[in-house]
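Here the structure comes first, spelled out in structure tokens, and everything after it is commentary.
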Amino acid sequence: MSYVLAELDMLAAATGDMAGIGSSLSAANAAAAASTTGVLAAGGDEVSAAIAALFSSHAQQYQVLSAQATEFHAQFVQALNNAGGAYAAAEAANGAPLQTLVDDILAVINAPTNVLLGRPVIGDGSNGAAGTGDAGGAGGILWGNGGSGGSGAPGQAGGAGGSAGLLGSGGTGGAGGIGGGSGGVGGTGGWLWGNGGAGGAGGVGGLGVNGGAGGVGGSALLFGNGGFGGVGGAGAAGAVGDAGTPGTTVFAGGTGGVGGDGGTAGNGGAGGNGGLVFGAGGDGGQGGVGGAGGTGGAGGAGGEPTRLGQAGGDGGDSGTGGNGGDGGMGGAGGRGSALFGTAGANGNGGAGGAGGDAGAPGNGADGAAGRDASTPGGMGGNGGDPGGVGVGGTGGAAGGVGASAGATGTDGSIIAGNGGNGGHGGAGFNATGSGHGGSGGSGGSGGRYGTGGTGGAGGAAAGDGNGGRGGDGGFGGSMGGAGGDGGDGGVGAGSGSGGWGGTGGHHLVTGTANAVGGTGGAGAAGGSTGVGGFGGVGGDAKIFNDASTAVATGGNGGAGGDGASGGNGGDGGWAYTEGIGNVTPGTGGHGGTGTTFGGGSGGDGGGAQIANGASTVVAVGGTGGAGGDGIDNSGFTEAGHGGSGGDAFIDNTGSTAKAIGGTGGAGGSASTGTGGIGGAGGDAFNSGAGSAFGGTPGAGGAGPAGGDGGQGGAAYALGTGDATGHAGAPGTSVGASGVGGAGGGGGDARILNSASTATATAGDGGNGGDGTSGGSGGYGGWAYTQGTGNVTAGNGGYGGTGSTGGGGSGGEGGNVEIDNDAYGHDITGGNGGAGGTGLNQLDGGFGNGGDGGTATITSAGSTVNAIGGAGGAGGNATTFAASGGSGGMAINHGNGNATGGFAGDGGDGAHGGSGGSGGSAFGYGNGLATGGVGGTGGNSSGVGANGGDGGDGGNAYAHVYPANATEGIGGAGGSGDPDGIAGLDGITGPL
């Protein structure tokens with residue numbers, strides 16, 4: 001008779017593989033059918049068509065054969081699957097009678113011993129029931145494992161594992177019950193052979209009760225390993241502290257309760273001993289983990305005000321988190337056989353429990369609304385502070401040599417954002433008949449981790465009253481949060497002014513959080529003939545922690561309110577850090593629109609300051625706000641002026657970062673008058689090795705008459721970096737509608753370190769704008785150094801062209817000065833700008849050339865020369881031309897020469913312009929002093945008109961007088977018209 005051994009799992013796997021192969025082949029055949037059964041002919045001839053038909057025919061026959069093969073494959077897979085099912089059914093049918101037969105035989109064998117001894121001859125002992133703590137039953141006398149002990153009831157020990165008979169392993173001890181029950185002991189291994197059972201795990205501790213100890217591992221007798229010791233039970237978690245009671249307007253909210261301490265964990269159980277002849281000792285159990293401390297209770301909320309104008313109550317502090325419980329000690333390893341065995345490993349100590357977190361502090365209550373115009377809205381209550389945090393528990397001791405103690409638990413934390421926030425200020429009183437609006441209340445300060453409250457809005461006015469001022473934002477917390485926003489001003493009525501916006505709350509941080517200043521409140525609109533309110537100043541953001549990587553962001557200034565005259569925008573908030581994070585100062589607020597007069601000026605940008613030498617962040621001042629639009633932005637008050645860019649500071653000698661002044665705001669436009677002046681660029685100060693760059697100025701505003709360009713930012717290098725002043729902005733050109741705007745002055749560049757070899761480059765003046773009369777050019781910036789690097793003064797800007805009047809005057813050249821004996825280069829003052837061309841230089845801009853800048857050497861030991869800057873040429877004109885600018889002075893206190901600057905020539909016109917005077921020279925050492933040459937007079941083109949007079953030569957003074965002094969030569973007179981008279985030559989300058 002033949003026998004077949006069938007592996008059912010292998011048959012099932014083969015069936016699946018065959019089905020997958022068939023599916024893959026079918027997919028491949030289908031994909032190839034479209035391109036092979038209908039092959040296109042390569043050409044239009046008969047041969048190509050016959051070849052294509054032949055290949056297509058072969059492909060079609062292949063598809064027919066493939067379909068037959070697929071059908072056969074499917075039948076084969078089905079047969080294989082049926083065969084596996086048949087074998088499985090046969091095996092099940094044959095197995096059931098055999099199992100029944102075995103059970104019947106064992107029942108007969110075990111019956112006497114079960115009655116007499118309570119254990120079978122062959123078979124495993126019964127398991128203890130869960131939750132009873134019953135011991136596991138003993139294994140068979142001849143062969144069988146002990147049963148597992150039942151888990152303990154709450155607070156009770158787990159049952160012991162049952163012992164084995166001659167051959168078999170001891171049962172596992174039952175787990176201790178919740179509430180500190182000990183783990184059950186592992187059962188003993190077989191008399192001849194068998195391992196001891198593992199000890200049961202200790203139960204989790206309860207209120208005032210430690211975690212239960214792990215059960216001891218069962219021992220082996222002759223041959224076998226000892227059982228593992230049970231793991232110690234974890235300590236119970238501490239309870240959450242009670243919440244604080246709500247406060248009143250007089251008393252702050254109650255402090256939250258302290259969180260409960262975590263419970264101590266149970267020790268690990270000892271490992272069982274190995275057999276006497278052969279066997280390793282069982283490993284000791286690991287100590288239990290200490291319980292986590294409870295979270296502190298929440299602080300009580302501040303009390304709500306009960307009457308108008310009353311302040312909100314302060315929020316309560318939160319409770320301290322509970323301490324973590326200690327970890328349990330590890331169990332000792334069991335003894336191994338002295339003949340053939342090793343001792344078990346000692347158990348590691350359990351980790352200490354984590355300390356509890358501080359609870360959430362209470363928020364301050366909002367202030368009440370104002371009662372009347374003289375009573376501001378109530379101040380918001382201050383937010384509460386978080387309590388302390390729980391300390392992590394101590395790790396459990398090691399069970400012996402080779403084991404490690406448990407880790408100390410982590411301390412609790414103050415959860416991010418878990419700070420008491422300041423209450424919002426109450427709204428100001430709204431006037432109903434005739435009167436002023438009330439001021440809004442200030443926002444409350446945030447707790448150490450909270451956000452300041454928003455200032456209350458100012459009350460609206462009635463009749464001819466002024467709107468109320470918005471309340472200031474509350475301070476942010478020192479460890480988190482943000483400054484509160486300032487409240488908006490109240491609307492004015494009639495001839496009353498709009499209320500000013502409140503100041504944004506400052507945020508001064510000593511921890512690791514970002515610092516964020518509050519936004520200034522918006523100024524409100526004035527009455528029908530009233531002035532718009534000023535915008536509130538943005539809050540400062542400052543970080544006082546040199547390890548901080550956080551960002552400091554100043555608050556933006558509030559916008560000015562609209563009115564007959566627009567209100568000024570608020571200045572942006574300062575951004576400062578002692579760390580290495582970014583600084584972003586606030587932007588100045590936009591000026592309000594003027595409906596009758598001028599618009600409001602834009603607010604200045606906030607300053608940026610970095611005081612950490614390790615920082616690589618570039619300090620950039622904030623942007624100035626744009627000036628408001630108006631009817632006419634000219635006049636003494638400089639309506640519609642763009643805000644200045646913020647200053648930038650690098651305040652550490654070890655820094656290599658740059659400092660860049662902020663950008664000035666644009667001047668506001670005017671509908672019938674003059675556009676507003678552009679804001680000046682911010683100044684830059686650098687005490688380190690990085691360079692300083694003056695900020696970009698704002699453009700002048702548009703209008704029938706152009707607005708003046710802003711002044712370029714100055715640069716001051718106190719360390720070893722370069723200093724570069726920014727050029728002034730050009731004046732706004734307006735064509736035939738009015739006067740062109742004046743160019744802005746160039747920014748100064750100053751080096752204030754005698755050891756510096758860096759350069760100081762001042763900015764040029766901006767050119768004047770074109771118009772019916774041209775705008776004046778801006779002056780050049782001053783260049784100064786105490787070091788030895790090159791200095792370059794700024795040149796004056798050109799005057800703008802006048803289409804019906806005079807051209808604009810050229811700007812003066814910038815001065816230059818050195819104060820170091822070791823400086824090795826001649827210095828020259830900046831050149832004056834040329835006057836603009838015009839129709840008649842006696843009307844409007846006058847078109848004169850700008851004077852040259854002065855060159856000064858103050859160090860007595862210097863040997864280099866000082867040369868005055870050249871004067872700019874006078875502007876040409878159709879009628880009367882303009883005069884040239886004077887040459888710049890030269891002053892030398894050292895032993896080099898002093899040479900006055902060349903004067904500018906007069907402009908050409910129907911009447912020529914006069915040449916400028918040569919620059920004076922003053923030599924106080926042993927060098928030569930030479931006056932500058934006078935400018936040539938302009939030529940005449942008018943019938944019977946005269947040429948311009950030549951300019952006088954410059955004065956000269958020398959310390960060795962008169963031997964080293966040479967007066968300047970006068971300039972030649974300009975030629976006259978054939979019927980006119982030539983200009984007079986200039987006279988030689990006096991000694």
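In case you wondered, yes, glycine gets a Cβ from its N, Cα and C as well.
Feature list (source: TrEMBL):
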{"type": "COMPBIAS", "residues": "291-303", "note": "compositional bias 'Gly residues'"}
{"type": "COMPBIAS", "residues": "310-333", "note": "compositional bias 'Gly residues'"}
{"type": "COMPBIAS", "residues": "377-391", "note": "compositional bias 'Gly residues'"}
{"type": "COMPBIAS", "residues": "586-604", "note": "compositional bias 'Gly residues'"}
{"type": "COMPBIAS", "residues": "803-814", "note": "compositional bias 'Gly residues'"}
{"type": "DOMAIN", "residues": "5-94", "note": "domain 'PE'"}
{"type": "REGION", "residues": "291-333", "note": "region 'Disordered'"}
{"type": "REGION", "residues": "362-391", "note": "region 'Disordered'"}
{"type": "REGION", "residues": "472-505", "note": "region 'Disordered'"}
{"type": "REGION", "residues": "576-604", "note": "region 'Disordered'"}
{"type": "REGION", "residues": "803-829", "note": "region 'Disordered'"}
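If one looks beyond the region 'Disordered' (576-604) by at least 6 residues along the same chain, the residues whose Cβ comes under 8 Å of a Cβ in the stretch are 504, 514-515, 517, 519-520, 522-523, 525, 529, 532-570, 610-612, 614-617, 619-635, 637-646, 662, 665, 668, 670, 673, 676, 679.
Helix, strand and coil counts from DSSP across the compositional bias 'Gly residues' (291-303) read 0 helix, 0 strand, 13 coil.
Sequence-remote contacts of a segment are chain residues at least 6 beyond its ends whose Cβ falls under 8 Å from one of its Cβ atoms, and for the compositional bias 'Gly residues' (291-303) they are 205, 211, 234-265, 312-325, 353-365, 381-382, 384, 386-388, 390-391, 393, 409, 412, 420, 423. With a threshold of 8 Å between CB atoms, the same-chain residues lying at least 6 positions outside the compositional bias 'Gly residues' (803-814) that come near it are 731, 735-736, 739-740, 742-743, 745-746, 748, 762, 765-766, 768-783, 793-797, 829-853, 869-870, 872-873, 875, 877, 882, 885, 888, 904.
Long-range contacts of the region 'Disordered' (472-505) within the same chain, counting only residues at least 6 positions beyond its ends with a Cβ under 8 Å from a Cβ of the stretch, are 380, 382-383, 414, 416-417, 419, 421-422, 424-425, 428, 430-431, 436-440, 442-466, 511, 513, 515-539, 541, 555-556, 558, 561-563, 567, 570, 573, 586.
Using DSSP to sort the residues of the region 'Disordered' (362-391) gives these counts of helix, strand and coil: 0 helix, 2 strand, 28 coil.
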